[in-house]
Amino acid sequence: MSEGVAQLKHEGSRQQVVVAGAAAGLVSRFVIAPLDVIKIRLQLQIHSLSEPTSYRGLNGPVYKGTLGTLKQILRDEGVTGLWKGNIPAELLYLTYGSVQFSAYTNISQMLDTIPAPYTLPSSANSFISGAGAGAAATTVTYPLDLLRTRFAAQGKDRVYTSIVASLKSIAQHEGPTGFFRGLGAGVSQIVPYMGLFFASYESLKPVMADSPLPLPLGSSDAVAGVVASVVSKTAVYPLDTTRKRLQVQGPNRARYVHRNIPTYSGVLMTLQHIWKHEGRRGMYRGLTVSLLKAAPASAVTMWTYERAMGIMVAFEKDGME
């Protein structure tokens, strides 16, 4: 670890971690909202573009790549279509950021108390802390994640007219478990993803800080976040697709922008079905836009978190002097 480059667990008080995490989540979500909608639309598209018969007569859009999807959403739904589901998504990112960074700090500090000779290496500590933080934040915020997906999947036919209406509809027709469809896939995806992300970030952060190339305004945090995100996102992407497919199950499955989404039941069955009928492309559909989204999102998240934390710590020091 480069001297003078603090690990996340050593930065700020618990209250400052919560505030910095919330700020990071809010700013990040606003920046990447359009890419998130495009990614979800591509992930829910089951037909193969190389086989025209698979979507002939389909009552719905056929998206072709990131730019093609962007143009079609703008043409069919206008600019606001790129921010569908943004209210539950902002609440999701705000809450997720707070829980994630708080849990990461607490778990990491707890692991530091393990006595020798069982003390964990720094990378293992970061991986376990990131995995635990991701699992906690995903579980706590999952209903908001599900709402975000369903709103983003709406086309011209509005399945839900408002957040309140969506809550009432899901509770009435699907029960409490309806808010947690795909949670198993979500946790299965996020545990290795956030473990790899934080382990990579903590390792890359001092390397970027010592870079011979000048990186202004703390952008070394952003660069470390980008690299960590690309590595971890690619590794677990099929589980992310599985989660999205499961989140739109239920009585309104055929009313979303893609009206031919199959019926899925469980993580393994969904993975098997996608692999059998869509192959590897189906597993990684939307990966390009996902990386285009994840890279800047992680960069903005980590940059905002580090800057917000730095400002609060500086104010606290000034107040004590």
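Note that Cβ sites are derived from N, Cα and C of the backbone, with glycine treated the same way.
Per Swiss-Prot, the feature repeat 'Solcar 1' maps to 12-110. Taken from Swiss-Prot, the feature transmembrane segment applies to 17-38, 91-107, 127-147, 182-199, 213-231, 286-303, supported by sequence analysis. Taken from Swiss-Prot, the feature repeat 'Solcar 2' covers 121-207. The annotation repeat 'Solcar 3' is assigned in Swiss-Prot to 216-311.
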Q. Excluding the flanking five residues on each side, which residues at least 6 beyond the ends of the transmembrane segment (127-147) place their CB within less than 8 Å of a CB in that stretch?
A. 9, 85, 88-89, 91-92, 95-96, 99-101, 103-104, 107-108, 111, 120, 163, 166-167, 179-183, 186-187, 190-199, 247
Q: Provide the three-state DSSP residue tally for the repeat 'Solcar 1' (12-110): helix first, then strand, then coil.
A: 76 helix, 0 strand, 23 coil
Q. Any residues 6+ beyond the ends of the transmembrane segment (17-38) with a Cβ under 8 Å from its own?
A. 11, 66, 69-70, 73, 81-86, 89-90, 92-102, 105, 148, 152, 286, 289, 292-293, 296-298, 300-302, 304-305, 308-309, 312
